[in-house]
Amino acid sequence: MANWPRVSPLAYVALGVLLGLTISIISQTGTTTYDAASRIAILRANRGDPQVDEHDHAHGNDPHGDEEVDDHHANFAPVQFHSNNSSHSHDGESLIADEVAKKVRVFCWILTGKQNHDKRAKHVKATWAKRCNKYVFMSSEEDAELPAINLNVSEGRDYLWAKTKGAFKYIYDHHLNDYDWFLKADDDTYVVMENLRFMLLAHSPDEPIHFGCKFKPFTQGGYHSGGAGYVLSREALKKFIEVALPDKSLCSQNHGGAEDAEMGKCLEKVGVKAGDSRDADGHHRFMPFVPEHHLSPGHVDPKFWFWQYTYYPMDQGPTCCSDYAVSFHYVNPNLMYVLEYLIYHLKPFGIDRAIRVPKNETIIHTAYSISRSERGQDDAFRDRPEVAV
């Protein structure tokens, strides 16, 4: 009989650990690249919902679903940045933006709920909302500090359409003639207001048009994602309230439904165009997810529903997004302040990004000319002649 060498018990332990690690690594291979898509697959399996449903597409199947917006630790006081009041500060850099803000007056309404006043809404107020010409939060509870309006509509996804109708009716009744454009955003949307106005400057508020992240199901000409925010011209708001909303053959009278899709259906039936919000090079300006989702190559499964929904092709990676991006969605309060810092406070020393205004032009005319040159290729009013500004 052969004399086999005696194996130490420790060797068996080491072999077991090594085998376990190997199995663990193999089992994880191929899953990390599309981590978001994996979570969605699990979600669909648990819900028995393999298809994208018209009344649920904007939420349950998102890689950054509402329940994943990490605002559990957001009950901190609004953050105030330093004033940058030094010889190398940003002082004087907003002259053009300030002039455009006088010309393109945007009323912002932010959809929220009483449970989110302290977790989200106050951080929206402390960051981008202050750059609207005027803003208000639409909720189920009044809050003079925000301020928030009580729409007397129940909370929950099943009532988003009712809230949206009520919010636009309130704005029509109180602010129609005081502003040019009317932006709807969520309390986890981050908006670069200067870039929104820059895009809108090429258009007249008398055009029946709305802009946002354009999706293609459910309508002929497209509709706009609710989470990325969408903006209606004054004429679009008038048509929605005066013509579409009172007519049950044009607008759903129910309280439920996908708010963004229902809005798109109503507007299309009264001749309001779903505009092309891309820049002249085809880069997108309204983003329905956080920056990481769009900027990181391979972040999301190519079979993910978004790629079938988007009206215009969108690259995944650094070429996705316009240098004049307008919005991102699923932005938690911490990320909101990070974006605020990166956009409005951080600057590379020695790099001058000033826009040169010719001596024979006004600031607003120069901005208008650049805005027209940056319009999307599918612009609904592209043939509209240049007007005096």
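For all residues, glycine too, the Cβ spot is worked out from N, Cα and C.
What Swiss-Prot says about this one:
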TOPO_DOM  1-6  topological domain 'Cytoplasmic'
TRANSMEM  7-27  transmembrane segment
TOPO_DOM  28-389  topological domain 'Lumenal'
REGION    49-71  region 'Disordered'
CARBOHYD  Asn84  N-linked glycosylation site
CARBOHYD  Asn85  N-linked glycosylation site
DISULFID  Cys108-Cys132  disulfide bond
CARBOHYD  Asn152  N-linked glycosylation site
BINDING   Glu155, Gly156, Arg157, Lys163, Asp186, His329, Tyr330  UDP binding site
BINDING   Asp186, Asp188, His329  Mn(2+) binding site
DISULFID  Cys251-Cys266  disulfide bond
BINDING   Trp305  glycoprotein binding site
DISULFID  Cys320-Cys321  disulfide bond
CARBOHYD  Asn360  N-linked glycosylation site
C-alpha spacing of Asp188 (Mn(2+) binding site) relative to Cys251 (disulfide bond), in angstrom: 27
Greatest C-beta neighbour count within 10 angstroms, which of the binding-site residues Glu155, Asp186, Asp188: Asp188
Cα proximity to Asp186 (UDP binding site), best match among recorded positions Cys132, Asn152, Trp305: Cys132
Site of maximum Cβ density within 10 Å, from binding-site residues Arg157, Lys163, His329: His329
Cα separation, Tyr330 (UDP binding site) to Asn152 (N-linked glycosylation site) (Å, whole number): 25
Extra residues within 8 Å (Cβ to Cβ centroid of Asp186, Asp188, His329), Mn(2+): Val69, Ala185, Asp187, Thr189, Tyr190, Gly227, Ala228, Gly229, Tyr330, Val331
Fewest Cβ neighbours within 10 Å, where candidates are the binding-site residues Trp305, Tyr330: Trp305
Cα-nearest neighbour of Asn360 (N-linked glycosylation site) within the listed recorded positions, Arg157, Lys163, Cys320, Cys321, Tyr330: Cys321
CB contacts for Cys320 (disulfide bond) [other CB atoms within 10 A, all chains]: 18
Among Cys108, Cys266, which are disulfide-bonded residues, the residue with the most C-beta atoms within 10 angstroms of its C-beta: Cys108
Residue pair Tyr330 (UDP binding site), Cys321 (disulfide bond) - Cα distance, angstrom, rounded: 17
Residue from Glu155, Arg157, Asp188, His329 whose C-alpha is spatially nearest that of Cys266 (disulfide bond), among the binding-site residues: Arg157
